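What Swiss-Prot says about this one:
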type	residues	note
DOMAIN	7-124	domain 'Response regulatory'
MOD_RES	58	4-aspartylphosphate
DOMAIN	167-358	domain 'CheB-type methylesterase'
ACT_SITE	178	active site
ACT_SITE	204	active site
ACT_SITE	300	active site
């Protein structure tokens, strides 16, 4: 029995973009474009007659912007929405606003200047649509009230240097996450105390956005969150997010862990790649590492987590029920590299239980 095609509604004020996206999607045998609209009002009229499986939405449009329309969709009838806009490439705040409003994924507008770029964009868009059609779309959480911080003398001058450096860590956590990860990471990191172990994170995100993403998380969390830089010494109570477009590896010199940022080709179709991070953690931390694979499409991280598992690391995977896309965890479980499958809400507790229970193992 043939599976029904994934039905897509395209909302973009550019006729040429609508045509390019329609051509790309209709070329995939599993997808069909049911309709297109030049603005949110035309799209809303179409939605009264027919509900698509996935919506592809621009941001800058006449009469109503895409973010406002996205919020209305999520409030009335949640549908997986993929943002396709050049604005998200230029302004990181717009990207985070889209995710917070309920966007499933953000995909750059297709480039047609070269055949390679068009093929790459086509594959990325079709993959995103297929993942969105399988996704679990949940009602959005109300935004948190932000209380203005009480300032100290640090606002005027830095505190005196005590001569005592922050402790390095013998144990650390490595996390690989993709689609749905921006909100999932917030859920995890917000719950961790300042004494949490060091955490190295690969979140699939475009180049230029990870610094702003880290800064946003840092403002919400007790632990420090920063974009990783080459040579960073890994310390307790700090989370390091791999910079977009580059690989992050764990290395060790004597008793100190530090971070290496490397260029190179995409691994498992991604750069940064969770497989690269996990392999380096297996080599340099072994049983002193906790590897966690979370929501995301594809299989990045599955093989690397298995390597960590084989070299004595503790491993966890996010469960299907709490994943936006149960792709990366599913592949890791299938390979046999996962010790325990847990819901998203339990991951912070798993991290702290592991830190409190497991003694560091001497490593060479």
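Using the three backbone atoms N, Cα and C, a Cβ is placed for every residue, glycine included.
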Between residue 204 (active site) and residue 178 (active site): CA-CA distance (Å): 5
Between residue 300 (active site) and the residue listed as '4-aspartylphosphate', the C-alpha gap once rounded to whole angstrom: 28
Which of 204, 300, all active-site residues, has a Cβ with the fewest other Cβ atoms inside 10 Å: 204
Three-class DSSP secondary structure - residue 178 (active site): coil
For residue 178 (active site), the number of other Cβ atoms found within 10 Å of its own Cβ: 26
Inter-residue Cα distance where the pair is the residue listed as '4-aspartylphosphate' and residue 204 (active site), in Å: 21
Assigned conformation of residue 300 (active site) - DSSP reduced to three states: coil
Average pLDDT across the domain 'CheB-type methylesterase' (167-358), rounded to a whole number: 93
DSSP-assigned states of the domain 'Response regulatory' (7-124) in counts, ordered helix, strand, coil: 57 helix, 23 strand, 38 coil
